[in-house]
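Asks: Questions regarding the structure given below will be posed in turn.
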Amino acid sequence: MLKVLVPTLMLFPTIWLSSPKWLWPTATAQSLLIAFISLAWLKWASETGWSTSNMYLATDPLSTPLLVLTCWLLPLMILASQNHIYSEPVSRQRLYITLLASLQTFLIMAFGATEVIMFYIMFEATLIPTLIIITRWGNQTERLNAGTYFLFYTLAGSLPLLVALLLLQQTTGTLSMLILQYSQPLTLDTWGHSIWWAGCLIAFLVKMPLYGVHLWLPKAHVEAPVAGSMVLAAVLLKLGGYGMMRMMIMLDPLSKELAYPFIILALWGILMTGSICLRQTDLKSLIAYSSVSHMGLVAGGILIQTPWGFTGAIILMIAHGLVSSALFCLANTAYERTHSRTMLLARGLQMVFPLTAVWWFIANLANLALPPLPNLMGEIMIITTLFSWSPWTIVLTGLGTLITAAYSLYLFLMTQRGPAPNHIKGLSPFHTREHLLMVLHLIPVILLVAKPELVWGWCH
Amino acid sequence: MASRLSRIWPVVSRVRWSSALGTRCVSQTPKSSAAGAAVVSDLQPVSPALQDSHGHTEVNPFETNPDFHGFHHHDSFVDEWNMRLAFFFGISVAIVIGGTFIHYLPDHGMRQWARREAERLIKQREAEGLPLMTENYYEPGKIILPSSGDE
């Protein structure tokens with residue numbers, strides 16, 4: 001754990017002490033080295049459970065894929081931001097990369113935490129750099145509104161979580177996940193206990209997001225600069241999923257009935273947000289709603305609490321993280337050239353950028369869950385487990401899959417196919433940096449086809 | 001002097017002096033619309049909307065540095081080295097060496113062993129004509145049940 005955390009903390013001196021010319025190359029190289037070292041976490045020392053050298057930070061097959069994803073994403077964020085930040089003064093560039101690196105540190109500590117309060121503190125701590133990135137570097141005036149929604153939705157959900165955790169500490173005497181997994185099941189029979197159950201989960205449901213409380217997501221994703229959108233879509237949403245999976249162990253007997261409305265809300269959300277995607281004119285907004293749709297499926301899989309549900313949820317979280325981030329990067333390349341997110345204004349790009357059309361194609365195919373990519377594996381496992389819970393869910397999930405395919409295809413056709421518009425006189429050629437960025441997103445997704453047991457979690 | 005020149009003339013004549021001196025040649029062949037669309041046309045007058053607050057316009061970085069990789073706008077040396085570092089650490093180290101490391105990870109939870117063992121046992125039992133698996137997991141004779149009746 002320290003072999004990744006210390007280099008990440010050392011990124012701060014690198015950022016502030018590099019000469020302005022070499023700031024971005026050194027930050028990129030160091031963060032890629034950190035990502036390489038983080039792959040060592042994939043060698044789990046024990047057959048089951050946590051691999052740890054101390055009591056406070058540990059990894060297990062659930063948190064490891066998310067940790068590797070977090071570490072992989074930092075260099076990608078740095079690569080993606082390099083172009084739109086270059087015109088700013090150097091100290092502001094350093095501040096930007098510092099915010100990204102601090103997000104990385106908080107996320108590593110969040111996913112590696114064994115104590116639930118440490119996880120909570122890091123969960124809240126990630127809000128601050130993200131808020132600063134959205135409100136300071138967003139491009140439209142709506143960014144202030146977006147930051148407000150983002151901050152207060154999450155805080156409103158997490159204050160009950162704090163109370164619930166402190167109550168749990170009072171009852172069980174410990175909040176270490178290493179111990180809680182072996183504790184006796186709690187007797188949860190009163191209304192107060194039901195409210196406690198809801199308090200434990202609402203913060204994570206808001207973060208995922210669940211359909212009814214998802215309003216912050218389209219705003220935050222759209223108004224954030226590309227690195228903000230990437231980290232939000234790829235990792236911060238998964239904090240919610242990860243938190244839910246950890247908390248489920250303690251909540252057990254109540255969850256059998258109380259999870260019902262949330263599962264239905266999640267499934268209905270897939271259909272609703274998928275349909276909203278089909279009506280979007282804003283490119284980033286479409287990708288944001290598609291994130292809500294996929295996360296609805298993940299939420300359903302986690303609330304079901306079966307091994308297949310959990311496994312499918314983890315696979316889908318990792319695969320969606322990479323693919324969604326890839327789509328945001330592609331949308332940013334179009335935005336940097338046309339300074340507009342409206343899909344109608346930048347279409348027919350296949351004629352202009354043929355290689356980029358390949359990346360758009362692969363990213364959209366992955367988004368619509370094409371076999372054998374891990375997106376499909378996750379979705380199928382969740383759909384199967386939901387079906388075994390209730391056969392009627394196949395109507396919702398099947399329609400959801402259909403609508404997902406429809407809007408992914410819509411996205412591809414709108415941006416790539418057709419004639420290039422007459423009002424665009426010239427588009428700057430694609431940079432090597434942008435091609436590398438797409439390759440670094442899509443190659444891990446494709447490689448996961450070969451070794452999916454890395455992301456199966458600890459249920460299989 | 002003339003003999004020296006005649007020796008190096010083939011090389012010298014092949015150098016594109018115009019590009020070396022920094023001026024641009026205008027190609028006389030008519031461009032297809034696809035190629036034209038991919039190049040920023042400098043035939044349009046620069047509108048005030050394209051200028052930032054200092055009066056600078058959006059300059060196409062490919063004009064000053066045809067080998068622009070997207071990393072550093074003004075210094076081609078840093079741009080090139082940034083590209084090399086990103087590719088080396090990103091692809092050669094992280095994906096290739098990291099991928100090799102992942103490929104050779106031990107068989108966690110003995111899953112692959114379990115699959116191979118099952119296939120081996122199936123093959124063995126089919127060859128011997130034995131049933132693949134016994135119906136009872138526990139031996140029925142060893143299970144001691146409490147007697148029925150009131151306790």
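Cβ from N, Cα, C; glycine included.
Heads up, here are the entries from TrEMBL:
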type: DOMAIN; residues: A:1-110; note: domain 'NADH:ubiquinone oxidoreductase chain 4 N-terminal'
type: DOMAIN; residues: A:113-404; note: domain 'NADH:quinone oxidoreductase/Mrp antiporter transmembrane'
type: TRANSMEM; residues: A:21-42; note: transmembrane segment
type: TRANSMEM; residues: A:62-81; note: transmembrane segment
type: TRANSMEM; residues: A:93-111; note: transmembrane segment
type: TRANSMEM; residues: A:149-168; note: transmembrane segment
type: TRANSMEM; residues: A:195-217; note: transmembrane segment
type: TRANSMEM; residues: A:224-243; note: transmembrane segment
type: TRANSMEM; residues: A:258-279; note: transmembrane segment
type: TRANSMEM; residues: A:286-304; note: transmembrane segment
type: TRANSMEM; residues: A:310-331; note: transmembrane segment
type: TRANSMEM; residues: A:352-370; note: transmembrane segment
type: TRANSMEM; residues: A:390-413; note: transmembrane segment
type: TRANSMEM; residues: A:434-450; note: transmembrane segment
Asks: Are the transmembrane segment (A:352-370) and the transmembrane segment (A:434-450) close enough to be called in contact, which here means at least 3 C-beta pairs under 8 A that are separated by 6 or more residues?
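Replies: The transmembrane segment (A:434-450) and the transmembrane segment (A:352-370): touching, yes.
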Asks: Quick check: do the transmembrane segment (A:310-331) and the transmembrane segment (A:434-450) share at least 3 Cβ pairs under 8 Å, counting only pairs 6+ apart in sequence?
Replies: yes
Asks: Would you mind listing the long-range same-chain contacts of the transmembrane segment (A:224-243), meaning Cβ under 8 Å and 6+ residues beyond its ends?
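Replies: For the transmembrane segment (A:224-243), the sequence-distant neighbours (Cβ-Cβ under 8 Å, at least 6 residues beyond its ends) are 62-63, 66, 69-70, 73, 76-78, 80-81, 84, 96, 100, 103, 107, 110-111, 119, 123, 126, 130, 133-134, 137-139, 143, 146, 203-209, 217, 284, 287-288, 291, 295, 298-299, 302, 313, 317, 320-322, 324-325, 328-329, 332, 335.
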Asks: Give me the stretch from A:21-42, A:62-81, A:195-217 with the greatest number of Cβ pairs under 8 Å to the transmembrane segment (A:93-111).
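Replies: Per the Cβ under 8 Å count, A:62-81.
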Asks: Let me know the model's mean pLDDT on the domain 'NADH:ubiquinone oxidoreductase chain 4 N-terminal' (A:1-110).
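Replies: Here the predicted model's pLDDT, averaged over the domain 'NADH:ubiquinone oxidoreductase chain 4 N-terminal' (A:1-110), is 93.
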Asks: Between the transmembrane segment (A:286-304) and the transmembrane segment (A:434-450), are there three or more C-beta pairs closer than 8 Å, counting only pairs 6 or more apart along the chain?
Replies: no
Asks: Does the transmembrane segment (A:434-450) reach the transmembrane segment (A:258-279) with at least 3 CB pairs under 8 A, where each pair is 6 or more residues apart?
Replies: no
Asks: Helix, strand, coil: count each for the residues of the domain 'NADH:ubiquinone oxidoreductase chain 4 N-terminal' (A:1-110), based on DSSP.
Replies: 83 helix, 5 strand, 22 coil
